[in-house]
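Chemist: Please see the structure below; I have some questions.
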Amino acid sequence: MSFESLLFQAVNGLASASGLFLVAAGLSIIFGVTRIVNMAHGSFYMLGLYLAVTLAPLLGETVGGALGFWGGIVAAALVTAGLGALVEVVLLRRIYAAPELYQLLATFALLLIINDAALYFWGPEDILGPRAPGLSGSVEFLGRHLPQYDIFLALIGPIVLIGLHIVLTGTRFGRLVRAATQDREMVAALGINEAVLFTAVFALGTGIAGLGGALQMAREPANLALDLSVLGDAFVVVVVGGMGSLRGAYLAALLVAEVKALCTALGVVEVAGITFNMSRLTLVAEFLVMAVVLVIRPHGLFGRPQPAAARRGEAEAPLVPLGPRGRLVALAVLAFFAGIPLFSAFASYAPVLALDMVIAALFAASLHLLMGPGGLASFGHAAYFGLGAYGTACAATVLGLPTPLALVIGIATASAGAVLFGWFCVRLEGVYFAMLTLAFAQIVWSIAYQWEEVTGGSNGLFGVWPDPPFDSANGLYLAALAVTLAGLVLIRRLVFAPFGLALRAARDSRLRAEASGIAVEKVRWLAFALAGTLCGAAGGLFAFAKGSISPEAISVGRSIDGLVMVLLGGVNSLTGPLLGAGGLTLLQDMVMRESAYWRALLGLIILAAVLLFPAGLAGGLRRRRAP
Amino acid sequence: MTTPVPMLDIDGLDAWYGAAQVLFGLSLKVETGEAVALVGRNGAGKSTTMKALIGLISRRAHRLTLRGADISALPTHVIARLGIGYVPEDRRIFSDLTVLENLDLGRRRRAPGNTITDWSLEAVFDLFPHLAELRHRPGGQMSGGEQQMLAVARALVGNPALLLLDEPSEGVAPIVVEQMTLALTRLKASGLSLLVSEQNAQFCAAICDRAYTIEQGAVHWHGPMAALAQGGRSRPAFGPPG
Amino acid sequence: MTAPVLKVSALTKRYGGVQALDGVSFAIAPGELLALIGPNGAGKSTCFNIVNGQLRPDSGHVRLIGSGTAGRDITGLAPRRIARLGVGRTFQVATVFGSMTALENVQMALIAARGQVFGLWRPARDLARQEALDLLEQTGMAAQAGRPAASLAYGDVKRLELAMALAGEPRLLLMDEPTAGMSAGERHDMIALVRQLTRVRGLAVLFTEHSMDVVFGHADRVVVLARGRLIADGSVEAVRDDPAVREVYLGGIPVGGRNER
């Protein structure tokens, strides 16, 4: 490593930090005032970049290159802010009163829709923007050449930070933002129109994100994967910096970006005879930064402890074991599923579809253990599905282990991952928990994507076929059914055991649970580990069912599928996620394979569900059933 | 001679927290310039009544008018602009903002037809001289009593015609209660209409003309303050005198 | 005087520039009902939260004294550890586990007190059932055992919370505003119940309270805080007539006594 490359990477890190900060700052301000974690925030960044690469050449033709470039950036930021305002008025306004989880889902649906809209307008290919006129050269510093545009970007972060600080402390709008961050109702009671304030704040936040994206025009091409990758990074920054703190966000962005830059600068290092390619470890570095900060300061560098989530909805009814009729129904359903191989003679597709449903059922049920009795909505359950799948696939192909043993290895991998990540996650609650779980899932996804030697990179692993007797559709299906049944029985026992009671107690009132001597974090940690373990089993079965595993199968979309299954079916009982898993699998099988825009379709389904049942789908149904 | 339009006229007010109904056909009136007490134990519906009036929870009423104008379907900020000042139970001061910044957010010109004192900053500092000394202090670093004064001042600079005070004596030292009593007496003399919810009957007796007792979300009894206060100086006002 | 259950010595706590507690010391004996009062911002909550472990003092100690031992320093232990050492607790806004029946709530508290939380297989339904029913009986909640806690009236929630606080067989009970939000009749019943429990179980109770009727009508001893300092510690009569207390807290307002209930 040379001094030049270190300096180069340091400036590069500062430039990246500015981009990260612009996204995280908007996310933080919007959350402060509206209490909504905008899952679509990365999408506005992506839109800003797409708009800039489109508008800059267009403007360039009429007003000249330089004016076109900078005008394009400004126009992209403004258009993004306008779209943000539109989204706030059309969508968010309807869901401010909905439970937190539904707000997260609704904005995630927005992410799916925006992504497909970008696919529709700009196509799947990466689009490169023009270089910055006047800033495409380099400057000499201490005898080294540094790119001018990176230096310009490095300055943007602090400039926006100071600008926002002046707006927040020196203007009436800023005072309103700070007041509303603390107490929206009281702001309204003073005669201030919240609706206008919210729209303005959302436009500001999305506009800053759009600006951040547009400014990247001269550095990276616009592509459709940006929304999620930026979102994951922004979550890490916000969690590390502390929600609601702008300087925390800047410092965290700096920390994350510089550590990554340092890893890249170090390149290949030899320690004690072992060579590490540090530039491949950037994601692990990101994780380590987050881990260290969260261990020392659980609420982030400048964060304050947040009040517990306000809107959990009504208390659930006490759980009761199944009566004789319920048992009969459960047995009948089981008998039906066990009998499906009999149909395979005239409907050969039956066991294949049923296998998908059974795997989805185990996946959804394991998430339900965390979400229902645990009250912890994980937005990154795909991580454990992925660890299970990759663990199994590696064991079966690379190590050539027999099928049952490979599955056990997969489950153990997921279990280890859940134990490790869970230790951090259970320190947080509510949206913070959701954000951190999503960030971890992004890290697992990136490792699968980047660690080509082991995971096969973007292509994934192939030829993961089970040995006899599991090599037939029926054989694998029956084995999966048995594993899933065992998982469901375990979850059912857990829920009624003292452990399940304690998990529910911690959900109902953490304060009371701790005052009673329940070690809330340990209970949640175990629940997290168990949920991850069972989810790993689903992932392992998935790898055998498809014969392959690729990063796409373990992306955030998988996590969201799980949430949709649990919520569509109902979070209050184990039956809900099972119905949801069956329903969504059928839907995906029948409808979504037919369309290139299945993401938008799923997004619209989620939005419809959230808007039609703003108090929660299960709650809505329960109220209807009530006399 | 026509009867004057009441400042606040509520008839048959129902209100809900989520799915749970908490007010059941509550009716009361506040005449212009009158101070009315709302007494009852915690959970009886006093705070809920105030929140329903200002539109913070979902509500429905046969009649809900402020100086004759229907406010039953209006959003909170419009109701506030029509002339209702709200001093909530837990004060709800913006703790990151200084005293001046808190007051600045509350400032609002007098609604048309409001002829009582124009509450400038000087006027509220004259009413609560102690606040003037604290003008640059963040709300979060003030004592409970100081926050209570700021909450009243913040409502006053909005130039309301009717002031809702939710338990102004709750959780503050008796010495602050005395100061608050004096301030409210002055406000009433200035022509402001007051609706005060209280558990402390002595406090109400010093300020209010009439009282309503509330139980389980409905008015249980109403009459002159004197009739309620008769029960004895430390008698908690939980029901009708009897 | 018998050996105290809890000894608080020289507690100090600052928040930024504010001295929330300044060298506060007191002790509480078995069977004693000790009221902690003072104006808002006097340091009551800070003191209370240090004793129950939610806050850590800047200096000073909290000692829990067992039978015949010199005492265990519990300063800064986590709330759940303090709970397991025999300190029960109720909150100003009573909180119970809304999704469980009253009986399950108490069973949960008993299971936690016995360290059986990590039972993963055997159903909890039959664990500690009789003991839970006994506790509900003692707090007058037996008839409500099967009802979901979320559907209980607030007064009953307070009683249920008390039953749960007793599940760990505490030697000391910390009650934050035990009668807040209750009617006059309920207040009296509640405090009479607590009084009886202190006698029967030799339980010490430290409570904060805004209702002077309750404090001066029922407490054995009163500790008064003002601006972070302890300004009085003595019998109801002594505190009531203390000029310093009248000055900072009671103002000119007359206070009811034991016989004015």
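From the backbone N, Cα and C atoms, a Cβ is placed for every residue, glycine too.
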Chemist: Per TrEMBL, which of A:195-218, A:243-266 is transmembrane segment?
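Modeler: Transmembrane segment, as annotated by TrEMBL, spans A:195-218.
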Chemist: Pick from A:300-323, A:564-587: which range has transmembrane segment per TrEMBL?
Modeler: A:564-587
Chemist: Given a Cβ distance threshold of under 8 angstroms, which distant residues of the chain, six or more beyond its ends, lie next to the transmembrane segment (A:431-451)?
Modeler: 31, 37, 100, 104, 228-229, 231-232, 235-236, 238-239, 243, 280, 283-284, 286-287, 290, 306, 309, 376-383, 386-387, 390, 417, 421, 424-425, 457-458, 460, 551, 554-556, 559
Chemist: Can the transmembrane segment (A:6-31) be said to touch the transmembrane segment (A:278-296) if we require at least 3 CB pairs below 8 Å and skip pairs under 6 apart in sequence?
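Modeler: The answer is no, given that the two segments have fewer than 3 Cβ pairs within the 8 Å cut-off.
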Chemist: Quick one: find which recorded stretch in A:43-60, A:104-123, A:151-174, A:476-503 has the most Cβ pairs under 8 Å with the transmembrane segment (A:66-92).
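Modeler: Highest pair count goes to A:43-60.
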Chemist: Honestly, do the transmembrane segment (A:405-424) and the transmembrane segment (A:523-544) touch, with at least three Cβ pairs under 8 Å and pairs 6 or more apart in sequence?
Modeler: yes
Chemist: Quickly jot the same-chain residues contacting the transmembrane segment (A:43-60) by Cβ under 8 Å, restricted to those at least six beyond its ends, or write none.
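Modeler: Residues packing against the transmembrane segment (A:43-60) from afar: 22-23, 26, 67-69, 71-73, 75-77, 79-80, 83-84, 110-111, 114-115, 118, 121-122, 127-130, 206, 209-217, 220-222, 224, 226-227, 230-231.
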Chemist: Contact between the transmembrane segment (A:104-123) and the transmembrane segment (A:352-370) is defined here as three or more C-beta pairs under 8 Å separated by at least 6 residues; is that satisfied?
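Modeler: The answer is no, given that the two segments have fewer than 3 Cβ pairs within the 8 Å cut-off.
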